[in-house]
Amino acid sequence: MSGIKTLGQFIIEKQADFSYAKGELSRLLRDIGIAAKIVNREVNKAGLVDILGDAGTVNIQGEGQKKLDIFANTQFISALTSGGECCIVATEEEDEFVPIDSPVSKNAKYIVCIDPLDGSSNIDVNVAVGTIFSIYRRKSTDGMATIADVLQKGTEQVAAGYVIYGSSTMLVYTTGKGVNGFTLDPSIGEFCLSHPDLKMPEDGSIYSINEGNYVHFPKGVKKYIKYAQVHDAATNRPYTSRYIGSMVADIHRNLIKGGIYIYPTTASSPNGKLRLLYECNPMAFIVEQAGGFASDGFKRILEIEPVELHQRSSIFIGSKKMVRMAEQMMTEFALEAGAINM
Ligand code: AHG
Ligand code: MN
Ligand code: MN
């Protein structure tokens, strides 16, 4: 056991790096880690208990909710409520943001945006799912926190992370000083540092996209897919196609091996499918901190000004060179169509 560093120990050790409300942010990260362990416990025995399948409800985005979506949502809100460091939770599973109004959270300084369970369509078939979270400072100084506290640009994030419930369970997070990954050791029930200072390869040879939607993709994306499939030994093409359908798992793999994940606009999702506040921004922050890049096809994800809670965005995220190449192709067609000026 010697040399093992737990998430709790690591957070405290790194606390000196935070510029603001150090103890509070440490406790908030710890609370998220605890909720993740509870969700992990349920995910792991999902087939044995009555937690698989549809809940019979639909969220604001018209998506059917799974029982585990609701369970994970409840666990994270409850951990953040009793922790006392968070004044608002904005979650995929609730129409409006959830103000935390408990005696312990009276002076809470942080906002959390969360996708409690990412990859819902994979839950029932034992494929990796995840949790994504993003943390902001509260901007307002008195009264109840408001929607303006939630609608901050991704560049304002103080921390972001994801949990992947996969062949092992990992928690990966950043506070803006690099990215570190922890693997849950079930024998001691602790996340232990396993991937210190994660770096994403600058280039890669994996592309991840739901190619079934090809016919609806913008021309730039079609061109990039064709580019990925051309033989060219010098640039390691054709690339390998890998698509799990859980954003967390797809991006986690690409982060380690090098690759690009794309969810563009389509006919059925003209603004993209993934949500800016609790999917795109946190993953963009992590990937950039690991040396990668995230774009909506034309501009940096982290600089998009959010105007609504469940706002969607297209996303091109991963190894920097791959994302830049895809952006170049998007721009080329947009210029041709007169959709943008340079
Ligand atoms: P969620 O389960 O939180 O709604 O997110 C699902 C997202 C993302 O995880 C995944 O990459 C993508 O939807 C898959 O969408 P398609 O099935 O359209 O490919
Ligand atoms: Mn999701
Ligand atoms: Mn989800």
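Each residue, glycine too, has its Cβ placed from N, Cα and C.
Record check: TrEMBL places D115, D118 at the Mg(2+) 2 site, and the matching candidate among E13, E211, E279, E288 is E279. Annotated substrate-binding residues in TrEMBL are D118, G119, S120, S121, N210, Y243, and among K139, K153, K226, K273 the one listed with them is K273. For the Mg(2+) 1 site, TrEMBL gives D115, L117; the one candidate out of E92, E93, E94 that the record lists there too is E92. Other C-beta atoms found within 10 angstroms of the C-beta of L117 (Mg(2+) 1 binding site) number 30, with every protein chain shown included.
Among the binding-site residues D115, S120, S121, N210, the residues whose Cβ sits under 6 Å from any atom of ligand 2 are D115. K273 (substrate binding site) counts 20 other C-beta atoms within 10 Å of its own C-beta, drawing on all protein chains shown. For the domain 'Fructose-1-6-bisphosphatase class 1 C-terminal' (200-330), the DSSP-based tally of helix, strand and coil residues reads 59 helix, 23 strand, 49 coil.
Secondary structure from DSSP puts G119 (substrate binding site) in coil. Per-residue pLDDT, averaged along the domain 'Fructose-1-6-bisphosphatase class I N-terminal' (5-196), amounts to 93 for this model.
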